[in-house]
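According to TrEMBL:
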TRANSMEM  32-50  transmembrane segment
DOMAIN    41-290  domain 'G-protein coupled receptors family 1 profile'
TRANSMEM  57-78  transmembrane segment
TRANSMEM  98-120  transmembrane segment
TRANSMEM  140-158  transmembrane segment
TRANSMEM  197-225  transmembrane segment
TRANSMEM  237-261  transmembrane segment
TRANSMEM  273-292  transmembrane segment
Amino acid sequence: MELRNSTLGSAFILVGILNDSGSPEVVCATITVLYLLALTSNGLLLLAITMEAQLHVPMYLLLGQLSLMDLLFTSVVTPKALADFLRRENTISFGGCALQMFLALTMGGAEDLLLAFMAYDRYVAICHPLKYMTLMSPRICWLVVATSWILASLTALGHTTYTMHFPFCISWEIRHLLCEIPPLLKLACADTSRYELIIYVTGVTFLLLPISAIVASYTLILFTVLHIPSNEGRKKALVTCSSHLTVVGMFYGAATFMYVLPSSFHSPKQDNIISVFYTIVTPALNPLIYSLRNKEVMGALRRVLGKYVLLAHSTL
């Protein structure tokens, strides 16, 4: 098969879900609404956590970072996909593809690690409340956040560099929503079996180890919650944990399908749907899951928005 040099002047063609669906206009409108919802809900949650001193605690610091990651993750993918569909121009340069892959892997990897740290935060808060401010001090929280970003970015850099070094076939048509490792390897005109094994090992390490930590944390939390004498205290703990477990299930389920299951289980249509789920749907739903069931967050949002409404009225 004819090869084509992998240079910065080359371009890929992204044939995502908008081009492959039977009703692209409906899908485009749905994705636009979800993206606007993600921008609004994550933006409001970040604003509330930043402005309200009551929320300046480790749990909400981590939640604010999750919102930031979701906001950046969906913004790496969605605007490009919508603009390409509206302009009927769905090419992406070699350098642009590499950048999009690096950013998407960084955001996804950082969120993966952060969710595990959030489970540990809930474990300490519920099982060791008297030691909470010692085990989850602001310094430790920022160390946890920095660790998530650094490890994710280094892993993303390695995978992006190695993936983009392969020679690609002359048909550079990526049947996927974004530049991601599995669909790109299908275009490689070289043996990628060893690298696919490395991806599998990395996927297991980055996904199954955090999942194991989350399961262990929530198993210990469940035993502790069952011994809480107060019904109200038990209910509050369960509501907080169920919100986190819902987010964990959505994120890890999609990521495991994409990066741990063998390539024989993948098809372009399935991969497109899964990628839409964790790059567009999940970032839109996460802040709603956390805020709608959390009285402290909802109260903070009302106070912050009330201040801005009063400020707007006073300037008129």
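Backbone N, Cα and C define each Cβ position, glycine as well.
Cβ atoms under 8 Å from those of the transmembrane segment (98-120) belong to residues 59, 62-63, 65-66, 69-70, 72-73, 76-77, 80, 92, 144-145, 147-149, 151-153, 155-157, 159-160, 163-164, 178-181, 184, 206-207, 210-211, 213-214, 217-218, 244, 247-248, 251-252, 255, 278-279 of the same chain, restricted to positions at least 6 beyond its ends. Averaged across the domain 'G-protein coupled receptors family 1 profile' (41-290), pLDDT for the predicted model comes to 86. Tertiary neighbourhood of the transmembrane segment (273-292): same-chain residues 17, 31, 34-35, 37-38, 41-42, 44-45, 63, 66-67, 70-71, 73-74, 76-78, 104, 108, 176-178, 180, 243-244, 246-247, 250-251, 254-255, 257-258, 298, 301, selected by CB-CB distance under 8 Å and a gap of 6+ residues from either end.
Same-chain residues lying 6+ beyond the ends of the transmembrane segment (57-78) with a Cβ under 8 Å from its Cβ atoms: 31, 35, 38-39, 42-43, 45-46, 49-50, 100, 103-104, 107-108, 110-111, 114-115, 117-118, 121-122, 125, 132, 136-138, 140-142, 144-145, 148, 177-178, 247, 275, 279-280, 282-284, 286-287, 290, 297.
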